[in-house]
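The next block holds one structure in the form of structure tokens; read it before the comments.
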Amino acid sequence: MNYTTQMDAAKKGIVTKEMEIVAKKENMNVKDLMKLVSKGKVAIPANKNHKSLDPEGIGQGLRTKINVNLGISKDCYNIDMELEKVQKAIDMKAEAIMDLSCFGKTEEFRKRLIDMSPAIIGTVPIYDAVGFYDKELKDITSEEFLKVAEKHAENGADFLTIHVGMNRKTAATFKKNPRRMNIVSRGGSLLYAWMELNNKENPFYEGFDKLLDICEKYDVTLSLGDACRPGCIEDSTDASQIEELIALGELTKRAWERNVQVIIEGPGHMTLDEIETNMKIEKKLCHGAPFYVLGPIVTDIAPGYDHITSAIGGAIAATHGADFLCYVTPAEHLRLPNLDDMKEGIIATKIAAHAADLAKGVKGARDWDNAMAKARRDLDWERMFELSIDEEKARRYREESKAKSKDSCTMCGKMCAVRNMNRVTEGKDLNMLRDDD
């Protein structure tokens, strides 16, 4: 193999098997895709050690992808349950899964996840550091943090979330500009705490070239984390968030010089009117790199319903440039999600992604909706169920409330507009009073 990474291959004019697969999925010319990869506009996260991967592309002109978060914690240390969640995410065709495990020895779960998953796998190495070394956070050295990142890359993680932009300059800006919610990024808060406790620079920022060595060696995509993402609408688009984004833009160029693919992570909580501007700022400051957003969550008052607040924001964000949506479940801000929460979160996020693809004019996006429209006009209920984003729920709702007329539902009965327009255009009587049809 005469290339190191997908980006290196693209710059050399080499079409990889991963590019061929992605181009076919996206209904696009593989040479056009290769150019986008070479410029960093599209990332194809594909670790050389992830043998079960079915690759996907993330970025300009492609379908909006979704990510599912899962992983073990101290209060919910159940590997079998998390593996059930992995299978649920795979069955529901999530393009990516992030292992956010943050307690104990996580390598066993991570290896099993990567071995079984065709989805892209992302991890956050700093979550693993305390358990990996059995050390307090402040006692972990800069080199040890990098060794954990390398272990995740060696295991086969396709992208690593590293909060490199939380450097001394960003930290100083944060201190000068108080927030209602401080830092709500788990990884960002851990790095900030380590920097404060040790009076040192961010080890990943200081050792960025070594981090790039790791990414280049395994062809790992670097997902530049947003330590200063807003945790409430009052903190959005503030000095800390923008200062960090400027740093991420500079780091992106350094990574591309080393042929390391980059994804930029983004907000967070913000009101509807700020979303489009934030998407444009990221694309400008980070040179068109793919944008990966959590939500955005558009109001802070809906615990138990944040899959809805997130889907609203995600649809708008993806319409205006976001390429990758992290799912949010009804359990957000409350507890670790269960399987039912996962399903609700995945469906809400997939709806947001698809709605944005329609608005962006992604090739082939309308085919699904047009097929549903035809099935509805034909009153072909079986086909409607097959096309539903949640077939099981659609079937159950109709079964629970059956109409006397086989063509209609219990909302309208024989006053169904679709039924009656079909009949009258075919020259048939409406037969409103008879029960025989």
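Here the Cβ of each residue, glycine as well, is placed from N, Cα and C on the backbone.
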Residue in Met92, Met98, Met279 which Swiss-Prot records at the substrate site where Asn69, Tyr127, His163, Ser185, Arg186, Gly187, Asp226, Ala227, Cys228, Arg229, Glu265, Tyr292 also bind: Met98
C-beta crowding around Ala227 (substrate binding site), within 10 angstroms: 28
C-alpha spacing of Asn69 (substrate binding site) relative to Cys409 ([4Fe-4S] cluster binding site), in angstrom: 37
Additional residues around [4Fe-4S] cluster, ordered along the sequence, whose Cβ is within 8 Å of the centroid of Cys409, Cys412, Cys416: Ala403, Ser405, Ser408, Thr410, Met411, Gly413, Lys414, Met415, Ala417, Val418, Arg419
Least Cβ-crowded entry, counting other Cβ within 10 Å, from the binding-site residues listed as Tyr127, Tyr292: Tyr127
